[in-house]
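Visitor: Shown below is the structure under consideration.
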Amino acid sequence: MPRSPSKSSPRKGSPRKGSPRKGSPKRGGKGAKRAGKGGRRRNVVKRRRRRRESYGSYIYRVLKQVHPDTGISSRGMSVMNSFVNDVFERIAGEASRLCQANRRRTISSREIQTAVRLLLPGELAKHAVSEGTKAVTKYTTSR
């Protein structure tokens, strides 16, 4: 269905009124040569997609250690990722406040441990501290 020449074009520039029709010799058809630089392509810079960081692979690994025959949906993974981010931010914030209170500039494993004890309730804090200590020991011996 051809457009009527009276309608304005959505393109930028002059209105459609004075422009020639598709097949007219003024405009040139498919095989018409362009004026200027002969057939060179512009360097189009392809924008890289921003990487989305997540704890997904680590959550999946832990899931397979605990329940090897169980899967997780993408929605469930999103919830778990949000949960890990939230706990991480809470621990980091509390450790930061502890450093400020003790007039220190560096967050050490001691501040992290104290923050975990303050944030997590009872038995959960004890297990988290023992697992954290185990991980730090494993890391220092591997170096």
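Here the Cβ of each residue, glycine as well, is placed from N, Cα and C on the backbone.
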Visitor: Select from 24-27, 68-71, 72-75, 100-103 the stretch of residues annotated by Swiss-Prot as motif 'SPKK motif 5'.
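Guide: That would be 24-27, the stretch labelled motif 'SPKK motif 5' in Swiss-Prot.
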Visitor: With Swiss-Prot as the source, identify the stretch among 4-7, 108-111 annotated motif 'SPKK motif 1'.
Guide: 4-7
Visitor: According to Swiss-Prot, which listed range is motif 'SPKK motif 4': 19-22, 139-142?
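Guide: It is 19-22 that Swiss-Prot annotates as motif 'SPKK motif 4'.
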Visitor: Cα-Cα separation of S130 (O-linked glycosylation site) and K138 (ubiquitin cross-link), in Å?
Guide: 12
Visitor: Just to be sure I understand the packing, how many Cβ atoms besides its own are within 10 Å of the Cβ of K138 (ubiquitin cross-link)?
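Guide: Cβ-Cβ neighbours of K138 (ubiquitin cross-link) within 10 Å number 9.
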